[in-house]
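Novice: This is the structure I have questions about; it appears just below.
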Amino acid sequence: SVGFKAGVKEYKLTYYTPEYKTKDTDILAAFRVTPQPGVPPEEAGAAVAAESSTGTWTTVWTDGLTSLDRYKGRCYRIERVVGEKDQYIAYVAYPLDLFEEGSVTNMFTSIVGNVFGFKALRALRLEDLRIPPAYVKTFQGPPHGIQVERDKLNKYGRPLLGCTIKPKLGLSAKNYGRAVYECLRGGLDFTKDDENVNSQPFMRWRDRFLFCAEALFKAQAETGEIKGHYLNATAGTCEEMIKRAVFARELGVPIVMHDYLTGGFTANTTLAHYCRDNGLLLHIHRAMHAVIDRQKNHGIHFRVLAKALRMSGGDHIHSGTVVGKLEGERDITLGFVDLLRDDFVEQDRSRGIYFTQDWVSLPGVLPVASGGIHVWHMPALTEIFGDDSVLQFGGGTLGHPWGNAPGAVANRVALEACVKARNEGRDLAQEGNEVIREACKWSPELAAACEVWKEIVFNFAAVDILDNK
């Protein structure tokens, strides 16, 4: 007779272990689980632990050839979500041996691979991950980080200013370069390729890189400030992407860009390593994130994607604005902004942070606020994001009635006025509009911008909200 009992057994017998004490080296995950009717939460939580680690649907004889106790994921706690019917937070601990060192790709393949198609669950969302220091240390992380970036750019004590060049598609390379030059000479620190600008028939990448480099060196010479343009190196293959990054380095520009979710984590980590080795900053766009993170009960929360990016590598990442046209509730946004910038972040459920995270000196990432923001938002943005951030005004620069350069001037004046007021001890949350109005008196460009955008509001409730306490 065979030495094991065939047949199907309940997951919870093996994978639900409420008495388990988590180890410092475990990767911990918090899943929001919605079981199918009739499936008990312990079975659902155990099923998640099993399917994302060593389990399969039946007992197999090869189980006897290894030590499941050493390698299995364990569901060690389950809590009911207040105010939601049939939703639970299942906490799962994974032994570190299950993951390849330095590979975000492998980590996600395990933790959020097959398990999301699992029939016993109606829906499943990964809310947070605790990455243990032992695993963090196998990653290079951001190519440079916040302090090195400030030193490279020689810009201190204020947020950085950016602008996405619009119309995003259709401009020729020369006209695109003109738009870049006007924005940079007006006072912005950066301009940006839109995420879907790669290498299209109307503007091939090499032409764009050349004209943008010319624009930024010209603006640099005129203003005496270091300028940058995020040259989007995203391409159809890793080799092509690196070829574009090499060309950017040869031109002597300071920064390139990547769409990390559509490009993929393997490509992103490859580019991040190249950028560190060659002194390029790396701006990260999160195109496609809402496909993954927008549903409250299914998918992956953006704070997990943000943590993954810090491990994979990037110096800037888009993180919502709290005040503009794109998703972002204040407490939640600030929660993952801290996870991007700080070295040590305490568990804080009021901000959606399920685990204490120690980054053990991995460089930080600058959050980028972008999307539907304009000069009237400047006090709120300065207040919410603080100095270590990039504020990006696309339409809020190029939509200025007098053109790009005056639009850039308006934004720079508004920013400098807000920073000055804050440093003098004024409360931007209360006096913000007053600060902007005062600045209008000596900046006609700002006054014109304030007139254009005084009525614009994007009034929609955020989809991503915290559970009732």
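For all residues, glycine too, the Cβ spot is worked out from N, Cα and C.
According to Swiss-Prot, the feature active site, proton acceptor maps to Lys166, His285. The substrate binding site annotation in Swiss-Prot covers Asn114, Thr164, Lys168, Arg286, His318, Ser370 and rests on sequence analysis. Under the heading Mg(2+) binding site, Swiss-Prot lists Lys192, Asp194, Glu195, citing sequence analysis as support. The annotation N6,N6,N6-trimethyllysine is assigned in Swiss-Prot to Lys5. Residues or ranges marked as N6-carboxylysine in Swiss-Prot: Lys192. Taken from Swiss-Prot, the feature site 'Transition state stabilizer' covers Lys325.
How buried are the listed features, and what sits near them?
Specialist: Non-local contacts of Lys166 (active site, proton acceptor) by the CB criterion (under 8 A, 6+ apart in sequence, same chain) comprise Asp194, Gly394, Gly395, Leu398.
Cβ contacts within 10 Å of His285 (active site, proton acceptor), excluding its own Cβ and spanning all protein chains shown: 28.
The Cβ of His318 (substrate binding site) lies under 8 Å from the Cβ of Ile284, His285, Arg286, Pro367, Val368, Ser370, Gly371, each of which sits 6+ residues away along the same chain.
All protein chains considered, the CB of Glu195 (Mg(2+) binding site) has 22 other CB atoms within 10 Å.
The DSSP secondary structure for Lys192 (Mg(2+) binding site) is strand.
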Novice: I need the neighbours of the Mg(2+) site defined by Lys192, Asp194, Glu195. Which other residues of that chain put their C-beta within 8 angstroms of the C-beta centroid, in sequence order?
Specialist: Thr164, Ile165, Lys168, Asp193, Asn196, Val197, Tyr230, Asn232, Met257, His285
Novice: So what sits near Lys168 (substrate binding site) in its own chain, CB-to-CB under 8 Å and at least six residues off in sequence?
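Specialist: The answer is Asp194, Asn196, Val197.
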Novice: What number of additional C-beta atoms lies within 10 angstroms of the C-beta atom of Asp194 (Mg(2+) binding site)?
Specialist: 18
Novice: Using other CB atoms within 10 angstroms as the count, which residue among the binding-site residues Asn114, Ser370 scores least?
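Specialist: Ranked by other Cβ atoms within 10 Å, the binding-site residues Asn114, Ser370 bottom out at Asn114.
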Novice: Roughly how many Å separate the Cα of Thr164 (substrate binding site) from that of Lys192 (Mg(2+) binding site), to the nearest whole number?
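Specialist: Here the two Cα atoms lie 5 Å apart.
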Novice: Give me the count of other Cβ atoms within 10 A of the Cβ belonging to Lys192 (Mg(2+) binding site).
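Specialist: The Cβ of Lys192 (Mg(2+) binding site) has 29 Cβ neighbours within 10 Å.
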